[in-house]
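Everything on this sheet refers to the single structure shown next.
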Amino acid sequence: MKTDLTDTTASKVNKALVQGRRAIGTPAVGMVLTLVIVTDEENAYDALKAASDAAHEHPSRTLVVIKRVSRSPRDRTQSRLDAEVRVGADAGTGETVVLRLYGEVADHAQSVVLPLLLPDAPVVVWWPVNAPLDPANDPLGALAQRRVTDTYASEQPVRDLATRSGTYTPGDTDLSWTRITPWRSMLAAALDQVACEVRAVEVEGEEFNPSCELLAMWLADRLDVPVKRSLSSGPGLTAVRMDTNCGPIKLDRADGSLATLSIEGQPDRAVALKRRETAELMAEELRRLDPDDTYASALRYGVDRLKSASSVPSVPSVPSVPKSEGRAGLALPAPAEAAAKAPAAEATAQAPVRREPPKLEPVRKATK
Amino acid sequence: MSSSNPLRDPADRRLPRIAGPSGLVIFGVTGDLSRKKLMPAVYDLANRGLLPPGFSLVGFARREWAHEDFAQEVHDAVKEHARTPFREEVWQQLIQGMRFVQGTFDDDDAFERLRSTIEELDKAQGTGGNFAFYLSVPPKSFPVVIQQLKKHQLADQTGGSWRRAVIEKPFGHDLKSAEELNKVVHEVFAPDQVFRIDHYLGKETVQNILALRFANTMFEPIWNRSLVDHVQITMAEDIGIGGRAGYYDGIGAARDVIQNHLLQLLALTAMEEPSSFDADALAAEKTKVLGAVKLPKDLGRDTVRAQYTAGWQGGTKVRGYLEEDGINASSKTDTYAAIKLEIDNRRWAGVPFYLRTGKRLGRRVTEIAVVFQRAPHSPFDSTATEELGSNAIVIRVQPDEGVTVRFGSKVPGTSMEIRDVSMDFAYGESFTESSPEAYERLILDVLLGDSNLFPRTEEVELSWKILDPIEEYWDKNGKPAQYPAGTWGPVEADEMLERHGRSWRRP
């Protein structure tokens with residue numbers, strides 16, 4: 001059942017939800033959370049589709065907040081809220097409200113969302129695109145126990161990672177982190193099979209894919225060894241090489257689906273490492289709503305320390321020296337780099353990076 | 001698994017438990033269970049990324065198959081029955097470790113071939129000598145297979161590797177045979193390497209009984225004789241015995257279902273809080289409560305067995321039990337059994353537990369209903385509460401898994417009329433989509449060596465101690481009652497509860 005409300009308010013939306021439920025005869029449903037999707041018109045369809053697929057596992061009330069662009073000064077002064085309420089078969093499991101915000105109210109989305117949250121149930125905010133750099137202090141983010149960003153969709157993923165490590169608040173998480181769970185799980189399984197000490201690691205993947213950085217930071221954080229990030233043409237992550245005292249361990253995925261695990265002294269084995277759909281990522285993300293300390297710890301390791309590791313010679317092979325140096329040089333102006341290398345200054349060291357964003361883009365393109 | 005792995009961190013809860021290097025050998029791989037449950041479960045586990053790289057699956061059966069034929073068979077079974085979507089890359093990972101060994105259970109050559117296959121897999125797939133043997137075979141073949149495993153040193157654990165045996169019910173047909181069976185198995189496999197599959201315990205809802213009772217505060221205080229009137233545990237099937245005449249006749253519903261599934265459900269419902277959630281602590285509590293079970297004094301009055309007669313089941317005309325193919329027309333085997341048990345401890349003294357199971361009943365359902373006493377005093381007059389039944393908490397095990405709470409509520413618009421309403425928590429609305437099949441969980445637990453969800457020897461033997469006197473009594477006295485197929489059992493069962501002013505729930 002679908003109800004369209006034009007120029008409406010949150011309390012009218014609430015009324016429409018109750019009426020909708022009565023009309024289809026299911027007054028109580030076992031919804032376990034409220035999912036708020038903050039997006040623009042362009043990305044709303046895909047995000048909502050992924051969310052309703054994920055809702056099969058986690059029945060939820062989904063609020064899609066679409067901030068409409070005002071194109072004239074007069075538009076900007078007028079403020080309007082349109083809502084589309086879907087209950088029952090139209091909403092899959094749970095309920096969906098698509099909220100379109102015009103004009104001034106777009107800056108006060110939290111006032112619309114707050115009355116529509118399910119009582120008691122946890123709130124998750126997801127920004128498929130244009131996530132704030134400090135999610136916990138965003139007015140909508142502040143309503144949520146869990147804030148899901150996606151640096152993969154960001155213009156400057158590496159910069160965003162650096163900033164988010166400074167603003168990290170328990171409950172923050174990123175889909176780029178979710179994407180690497182199968183890799184992490186397989187690497188942990190590989191180390192289960194041998195009693196070796198890892199001496200150095202190399203993570204290889206496409207450029208502008210923050211999952212590679214996150215995986216590298218996680219490995220560096222857990223193993224306490226130098227980790228090198230190198231580039232390939234993808235898709236996504238392509239390989240992780242660990243140099244251990246009993247020979248190399250390599251997990252190689254050239255085609256984005258089937259990987260090969262090679263361990264010195266053991267036969268090569270094929271392992272399925274399929275790149276996953278957004279719906280699956282969201283389903284994993286919603287499975288646990290407690291703070292992800294492992295993510296925090298990996299993020300705080302500091303994306304800059306990866307680059308300083310690239311000069312460590314213990315891992316042979318790719319990539320060419322100028323490329324990696326170029327990356328190290330471009331990301332940070334000299335003083336900031338020195339500050340970032342001091343481990344104690346991880347969190348605060350990011351500040352200069354944030355102030356320098358315009359410098360990054362042109363240089364990076366040149367190194368491609 | 002090394003605990004020193006720096007990539008493992010208990011706080012990192014996204015990382016799933018992946019089994020260590022290992023393989024699974026299925027005996028009786030051409031059977032129904034293997035095709036419909038085991039192979040799909042193995043695939044689903046692989047698809048969820050829970051199997052180790054190099055996981056190997058070995059089939060053992062009489063059929064003349066090459067490895068490719070076996071792989072094709074698994075492929076078909078997976079396509080048809082797997083829960084998760086078919087993915088080529090997962091299949092490619094699995095197929096590398098698939099082998100088939102042709103032979104009969106008494107064929108020494110075949111077991112030698114099995115041994116060399118396992119050794120070959122250790123080299124090619126890195127399974128590290130860790131193998132679980134899943135005995136999906138008829139009970140009479142058990143001792144043969146176990147002995148063969150011993151004879152060909154397949155059960156020997158060398159150099160830190162493990163060998164485990166997985167066995168399916170029936171675990172004997174009475175206490176004596178169960179003890180014999182345990183002796184045979186334990187002679188070859190150490191008790192902690194023997195995993196008895198009771199697939200009910202792998203179900204999410206059954207595990208949820210423990211969560212419901214021990215993670216919450218609102219249920220445990222009322223979970224005792226001061227408020228509970230009685231408990232009904234039901235497992236009903238709508239199917240008949242189908243092609244299982246040979247196995248079923250002489251065994252019957254009580255041995256087939258009550259001895260294992262229902263008594264396990266009873267144990268989980270009635271047990272005290274375990275000191276921790278590990279296998280030993282759980283087994284200790286379950287054993288304690290099973291040991292406290294008391295049989296009714298008059299077995300004639302408080303137990304009922306019956307056979308279905310011809311009738312209409314859900315719109316289909318079906319035959320009676322005695323007319324089924326391969327059933328002796330004078331068979332006394334029960335297709336329905338209902339028994340009343342009591343538990344002699346402080347928590348449950350005087351609270352009857354009614355267990356019932358049957359074939360060709362109204363519909364397929366398994367549930368545990370905890371029925372509460374009526375309010376000791378009601379400020380409303382009797383007409384107001386005429387339609388009010390007893391409060392109840394119902395744990396729906398299958399299908400439509402969930403929990404229902406039933407209580408009275410005022411009917412709107414009337415001056416004061418109170419009627420039963422129910423409040424539902426349904427897994428079905430949400431988690432089923434990806435809640436794993438029982439066999440997935442159980443196979444993974446076997447590979448991980450986690451025996452939480454597997455009944456132990458003592459539990460099996462205690463269960464037989466409860467059932468044996470009843471079976472003996474039935475054997476010597478009278479004959480089964482009758483109920484038309486498609487109904488909720490014989491009138492005798494209704495009378496059994498009516499005598500105490502109670503009635504069966506219609507599940």
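Cβ coordinates come from backbone N, Cα and C, glycine included.
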- request: Please state which member of B:Glu180, B:Glu237, B:Glu273, B:Glu342 TrEMBL lists alongside B:His199, B:Lys203, B:Asp256, B:Lys359 for binding substrate.
  value: B:Glu237
Query: Considering only the binding-site residues B:Lys203, B:Glu237, B:Asp256, which residue has the minimal Cα-Cα separation from B:Arg62 (NADP(+) binding site)?
result: B:Asp256
Task: Give the distance between the Cα atoms of B:Asp256 (substrate binding site) and B:Lys169 (NADP(+) binding site), rounded to the nearest whole Å.
output: 8
- prompt: How many neighbouring Cβ atoms, not counting its own, are there within 10 Å of the Cβ of B:Lys169 (NADP(+) binding site)?
  reply: 18
Message: Just to verify a number: CA distance, B:Lys169 (NADP(+) binding site) to B:His199 (substrate binding site), in angstrom, no decimals.
response: 9
- prompt: How big is the Cα-to-Cα gap, in Å, between B:Glu237 (substrate binding site) and B:His261 (active site, proton acceptor)?
  reply: 13
- request: Tell me, in order along the sequence, which binding-site residues from B:His199, B:Lys203, B:Lys359 have their CA within 10 Å of B:His261 (active site, proton acceptor).
  value: B:His199
Statement: Rounded mean pLDDT within the domain 'Glucose-6-phosphate dehydrogenase C-terminal' (B:210-505) lands at 88
